[in-house]
Amino acid sequence: PILCFIPSNSNMKFCVQMTALIVSEKAACPLGYFPCGNLTVCLPQLLHCNGIDDCGNQADEENCGDNNGWPHLFDKYFGMPSHNARTKSKICLLGVFPDLCQCLDLELDCDVQNNPSFFSTFYNVSPDAFRGLYNLTRLYLSNNKISVLMPGVFRDLHKLEWLILENNNIHQISSMTFSGLNSLVLLVLLNNSLTKLDDICREMPRLNWLDLEGNLIETIGNVSFCSCNMLTVLVLQRNRIGHIHEQAFSVLQKLGELNISYNPIVELQVDHFDKLHKLKSLSIEGIEIGNIQRRMFEPLKYLTHIYFKKFQYCGYAPHVRSCKPNTDGISSFEDLLANIVLRVFVWVVSATTCFGNIFVICMRSYIRSENKLHAMCIISLCCADGLMGVYLFMIGAYDLKFRGEYNRHAQAWMDSSQCQVIGSLAMLSTEVSVLLLTYLTLEKCICIVYPFQYLTPGWRRTVTILFGIWVFGFIVAFLPLVCKGLFRNFYGTNGVCFPLHSEQPETVWAHVYSIVIFLGLNLVAFLIIVLSYASMFYNIQRTGTQTTKYSNHIKKEVTIAKRFFSIVITDSLCWIPIFVLKILSLLQVEIPGTICSWVVIFILPINSALNPILYTLTTRPFKETILQVWANYRQRRPLLSGHPAQHPSLTWQEMWPVQENCHMGTSRTTQVSTTYKRTQFSASFVPTFLG
C-alpha cells in the first residue's frame, strides 16, 4: 500500500510505500488504516480480514464476521434473565388454539413444512383465529398461501415477540393489520407479494427486526418507516425498489444493519444515510452507484462492514474496516492485475504477439511471392493480431501505473475513455482475426475440394472482402461507444476492459450484444473453420489413396494431418473455453473472476500469438526464404575474405495453393480429364502449402 500525506505548511503531497504504519501510543491510525489490537501498528483496510495474520497477533483477523442482526437480537431480548430463568415446557400453555397448528409451551407453529400431518394450508386467517391467546410469544405462519391479513387479526397477542409470515402470498397490509402487537420485536415477511409500505410500524412500537426480502415493493416513501424508531435491523433486498425518498431513513437513528441489495435503484442520494449514526453494517450489493462519492458514507462513523457490487467502490469507504468484495478475481485493492503470474505474463504474451506479427509483416517483403493477394490477406491478419498485443501492452502499462494504489483509481479507470478505447481495440482484433481466418479457410477448402471449378479471386474481390471485414470489425467494436445510451459502460465492467463475462451486465442490450458476438458470430465462424478443415482432410485422404506412390502418399498425409491438427487445436484452445464460459453465464452458473482474468491474458490471445507461426513462419516459402538469405550470406563471406565464391544449388519458388495452384488447376481443366490426373494434382500441391 502507499500512504500519502500533505504537511500543513506545504501544498506538496508525499507518498511512501509500506505494508504497515507505526504510530505512538496515543496517536490514532490515519484514514484507511486500522490498529492491530493493542499494538502501535496500523494496517491498511485491504490487509484486515484477508485470512492472513499480518499483525502477528491475529488482531487483524478478529471480529471479521458480521455479527450484526441475529446475535444482537438474541443478546438484547432473549439473553435476558427473564428468558433464561424459565425452562421451556414441552406441553402447550396456551389453552385453545387453531386445529391446524402445533403448540409447544407459549409458541404456536402453523408452518406446513414443519407439520407434515397437515393436509391443507391457510389461505385466509379469520379475524378470531388467535382470539384469547394473550400469552403467545412466537407465531409461525410460514409456507402457507395466505393472501390477506384482516385488520385486528392479532389484536389479543399483546405478548407476541416473534411473528414469522415468510413464503406466503400476502399482497397488502396496513398499519392496523398489526394492532395489538405491542411487544413484537421480530417481523418476517420474507417472500411475499407486498407492493407498498405505509407506516408499517405504527402498531408495533418495540419492533426491532423487520425482514421484507423478496417482495414486490417499488418505492420507499418518507412515511414508510416513520414510526420505526426502535428498529435496529431492516432487510429490503431483492425487491423492485427503484426510488427511495431522501427522508425515508431519517427516523431510523438506532438502525444497526441495513440491507437494500439487489434492487433496481437508479440513484442514491448523497445524504440518504446521514441520520443512520449507529449503523454498523450496510449492504448495497448489486446496485450500480453512478454518483458514488465518499460523502455518502462519511457520516457512518460506526460502520464496520459494507458490501458493494464492485470492489472498486471500497475506495469510497476507507474508514470501514471490512469492505466486500475485496477483489473481482482480476484486480485487487493494490493492483490492476491481482496475480503476480498475470502481471509477468501480460508482458510476455504482449511482446510475443506484437513482435511476432511485426516480424511477419516485415518479412513478407523478402518473400518473392507471385501471389500478392494471399500475401495481402496474411499481412491483414497480422495487423489484426498485432492489435491484441497492443491491447495487452496497454493493460500491462496501466497495471504499472496503478501499482500499489489501484483501488484509488479503479472506478475512474473503468469509466475512462482510455479503457473504452483499448477494450474496443481488443474486440476489433478478435473479430477481424476470426473473420479473416474464416475467409482464408473457406478459400483453401473450395480450392482443395473443387480444384477444377474454382475461379481465382481477383484483386478487386479480395480488396473488397478485406475492406468489408475491417469495416464490420470496426462497427462491432465501436458500436457500444457510439450508442452509450443502450450499452452504457460496455467495456468498463472490469479492470481489463474486455466484456468477456459479467455477472450483472450493464444493460439488456449489452448482455444480448455480448451473446450474439461470442455465441453467435464467433461460434458459427469456429464451426465453419473446423468443418472446412475436416472436409479438406477427408478429400485429400480420399484422393491420395488412388495414387500409385503409396509411400509418398503416407508421408504427405502425415504432414497434412500435423498441420491440420495444429491449426484446429489452436482455434479450439482459444474459443472453446470462451464458449463454455458464455454458456455457463447464460445458465446463471457462478463463475469466479479469476477464471476471466486467465482467459483474457492467456487464452484469448492464443490465436493472435500463434497465427504468425502457423500461417507464415512454419510454411515452406518462409523456410526457403530463410535458407536463401543464409545461402546469400555464405556466398558473400568468401568475396569479402578474397576466396572464390561457391554458388548455392538452391532454387526457390513460392507456392501458395489458395490462388496459384487453384489457378493451375483451372488452366489445366481442358488438358487433364482423367481421374488419375486430378487425384495426382490434389495430393501433390496440398503438402507443399501445408508443410
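Every residue gets a Cβ built from N, Cα and C, even glycine.
Heads up, TrEMBL stuff is auto-annotated, nobody curated it.
Per TrEMBL, the residue from Cys29, Cys36, Cys42, Cys64 that shares a disulphide bond with Cys49 is Cys64.
If you count C-beta pairs under 8 angstroms between the transmembrane segment (340-361) and each of 463-482, 508-534, 564-585, 591-610, the highest count goes to 591-610. Compared over the disulfide-bonded residues Cys49, Cys64, the count of CB atoms lying within 10 A of a residue's CB peaks at Cys49. For the domain 'G-protein coupled receptors family 1 profile' (356-615), the mean pLDDT of the prediction comes to 81. Using a Cβ-Cβ cut-off under 8 Å and counting only residues 6 or more beyond its ends in the same chain, the transmembrane segment (564-585) has close neighbours at 437, 500-503, 514-515, 518-519, 522-523, 526, 529-530, 533, 536-537, 591, 595-596, 599, 603-604, 606-607, 610, 614, 690. Using the rule of three or more Cβ pairs under 8 Å, pairs at least 6 apart in sequence, the transmembrane segment (508-534) is not in contact with the transmembrane segment (591-610). According to DSSP, Cys49 (disulfide bond) sits in a coil region rather than a helix or strand.
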